[in-house]
Every structure is written in C-alpha cells, then in structure tokens.
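Per Swiss-Prot, the feature region 'Disordered' maps to 1-46. Taken from Swiss-Prot, the feature compositional bias 'Basic and acidic residues' applies to 11-23. Positions annotated as domain 'PABS' by Swiss-Prot: 52-289. According to Swiss-Prot, the feature S-adenosyl 3-(methylsulfanyl)propylamine binding site maps to Gln83, Gln114, Asp138, Glu158, Asp189, Gly190, Asp208. According to Swiss-Prot, the putrescine binding site annotation covers Tyr113, Asp208, Ser209, Ser210, Asp211, Tyr277. Residues or ranges marked as active site, proton acceptor by Swiss-Prot on the basis of similarity to another entry: Asp208.
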Amino acid sequence: MAAESTVELESSMKEHRDDDEKSNGFSVSAVSMDVEGGDKDPSGNGVSSVIPGWFSEISPMWPGEAHSLKIEKILFQGKSEYQKVMVFQSSTYGKVLVLDGVIQLTERDECAYQEMITHLPLCSIPNPKKVLVIGGGDGGVLREVARHSSIEKIDICEIDNMVVEVSKQFFPEVAVGFNDPRVTLRIGDGVAFLKAAPEGTYDAVIVDSSDPIGPAQELFEKPFFQSVARALRPGGVMCTQAESIWLHMDIIEDIVSNCRHIFKGSVNYAWTTVPTYPSGMIGFMLCSTEGPLVDFKHPVNPIDQKDCQKSVRPLKFYNSEIHTAAFCLPSFAKRKIGSKET
C-alpha cells in the first residue's frame, strides 16, 4: 500500500499565514503525495516519476545529469511570489530544503557550506563589526556570523519570506541565527537594499544566493558587485556563492573578470565539498576593496581556536587548515582562473 505524507503547518505559521499571503504574495496549503507510488509531479518540484519515491534534481544548468535522494516523507510544499518551496525527509541526509527543484541544504551537510561561506571572509580580517548577508533566508549564515564575538551588527536582506518561515519551522538548528539580538531582518530586494546603503557601511558582505537563474540572477551581475564594493569600508571583504568548477567554468570566469575590475584589493576563488550539491562541490568568490591588505589564504582571525567555541554549537567542518586548503585549485581550474586572481 502506498504511503501518504500530509503537510500540516504548526500553529506558529498558521497565525501569520493570512498576513503573509497579503504582504508577500504566497499561499500555503496542505499537500498529499503518493511517495512510494511515484506519482508524477506536475508542479515541477523535482519528485522523480522515473524512480518511485526518489527526489531527482534536474536542471538546464547541469544538462545530462540528475542528482537523487530517497524520500521518506514530504513535509511541506508551497509557492511564494518568487519560487516553489519544498521540504522533505530523506533517508540519508535528514530534512532537505528545495527551491524551484534545486536542493539548497540538507541537515547532514549544510555545515560544509554555511561555515565556509561565512568564516572564509570573516576569519580573513581582524575584528569584523558590521556584516550584511544578502539572501541566506534559512538563517545558517547568521548562525555562523554570530560566532564572532567582535560582531556588533548583522543585517540580512532576504527577498522571500516563505523561505524564512519554512526554515524556522523545519530547520530550527539552522534558523537559530535569527534569534541573535544583533540580527536585523529585512524582507525585500537585496539589490535595492545595497544601492540604498551608505557608502563604507560594512566590514563584510556575504551573498548567500541560489544559482544565477530566477530571482537570484541579479546577484551575479556587474552592477550588483559595484554596489557591494561601495557599501564596504576600505579593506572590507565580500564572499559570494560562485558555482562549481566542474559545471560552470564560464560563469566563474565571468565572475572573476567582473570582480577584478570592481574590487581593487584581493580577488580569490575558493571551494568546498558539499555531497548533495551538483558535482559534490561549490565555489566561493572572495574579494576585498582597496585599503588594508587582505590575504584570504591565511586566516588572521582563527575562529576555531577561540574560547567562544566552548559555549556554542561546535564547528563541524571549518578549521584553519581547511581555510588555507580551500584556495588550492586543480590544474585545469588554475589554468582557467588562477591567472586572473589578484
């Protein structure tokens, strides 16, 4: 007999449901799905109709490939003003957050992404105080930024409120970052927010975006990087998600080229392993503005050695050795982008 899974939102989300629908343009409803029976998914959220009970991630950004996880239970499906949102319980990676058919995080390996995109930039400068996060609606980057005791202010601008609410509901250990009193959440367009930010406001800007399609496309374009550079203090740093060297070398080359023209300090590409991302890895572009020299490859603010780690969730992935190793590129990538770094 086919097993059914029914989505029921907790009362905390139900209380805000009507207001959220009016102000953010999304609707949330209970969903039933015949997981074991392998029903086709007309909404395009990526549930495979070829292998019953499996989620398959298929995208034109990685043609000829499919990445699959076995589904135990569909926990949530909804559609916001911007994208389709799904959460399911997998057999081997815990709960999984999916946006427009693309895996954003799993409970098992989210640490490899969240810790690296945060600590690569913040451990490269002394005493960061003001940080802006663009995207990052799951709260994981906030959780990691909050480890740094020097931080006084954390702004986050996320375009999709459904991502925030769903993350708080289903991924509380990730979304715990929203509970930090230094955090100010703004629901809105990150591009517009940056344009309005006073010049030289931030020590670091972390861009936790999805792939350069849909609502995140602007976050990979030259005008956006110009806004980031303007919002940073002299010697300030940016770290942005920068795709996979196995799949998107053309995109990476464009990002490196744009950043070299805009940021007058250091420009480096780093990477980390994330098993549930296409090709099993993801890259980061790290840039600094003109001012005090930033050597991204050698951390000056080693968070893994500080006493504050005794009182919070231990680091699972990041350490100072991995920090330095993250900038080592395989030969084919070094030939393509290594010479373009500064």
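For all residues, glycine too, the Cβ spot is worked out from N, Cα and C.
Quantities reported herein were computed from a predicted structural model and do not represent experimental measurements.
Structural mapping of features recorded in Swiss-Prot.
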{"residue": "Tyr113", "record": "putrescine binding site", "contacts (Cβ under 8 Å, 6+ apart)": "Leu105, Gly140, Thr272, Val274, Tyr277, Ile282"}
{"residue": "Gln114", "record": "S-adenosyl 3-(methylsulfanyl)propylamine binding site", "contacts (Cβ under 8 Å, 6+ apart)": "Leu105, Gly140, Val141, Arg143, Glu144, Val174"}
{"residue": "Asp138", "record": "S-adenosyl 3-(methylsulfanyl)propylamine binding site", "contacts (Cβ under 8 Å, 6+ apart)": "Leu97, Gln104, Leu105, Glu110, Val163, Val164, Ser167, Phe171, Val174, Ala175"}
{"residue": "Glu158", "record": "S-adenosyl 3-(methylsulfanyl)propylamine binding site", "contacts (Cβ under 8 Å, 6+ apart)": "Gly135, Gly136, Gly137, Val164, Leu185, Arg186, Ile187, Gly190"}
{"residue": "Asp189", "record": "S-adenosyl 3-(methylsulfanyl)propylamine binding site", "contacts (Cβ under 8 Å, 6+ apart)": "Cys157, Ile159"}
{"residue": "Asp208", "record": "S-adenosyl 3-(methylsulfanyl)propylamine binding site", "contacts (Cβ under 8 Å, 6+ apart)": "Ile117, Val133, Ile134, Gly135, Gly136, Gly140, Val141, Gln241"}
{"residue": "Asp211", "record": "putrescine binding site", "contacts (Cβ under 8 Å, 6+ apart)": "Ser59, Met61, Val102, Glu243"}
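Mean pLDDT for the domain 'PABS' (52-289) in the predicted structure: 94. In this entry, Gln83, Gln114, Asp138, Glu158, Asp189, Gly190, Asp208 make up the residues listed for S-adenosyl 3-(methylsulfanyl)propylamine, with the farthest two CA atoms of the set 22 Å from each other.
In three-state terms derived from DSSP, Asp208 (S-adenosyl 3-(methylsulfanyl)propylamine binding site) belongs to an extended strand segment. Cβ-based neighbour count (10 Å, all protein chains) for Tyr277 (putrescine binding site) stands at 23. Reported as a whole number, the C-alpha separation between Ser210 (putrescine binding site) and Gln83 (S-adenosyl 3-(methylsulfanyl)propylamine binding site) equals 11 Å. Neighbour count (other Cβ atoms within 10 Å of the Cβ, all protein chains): 19 for Ser210 (putrescine binding site).
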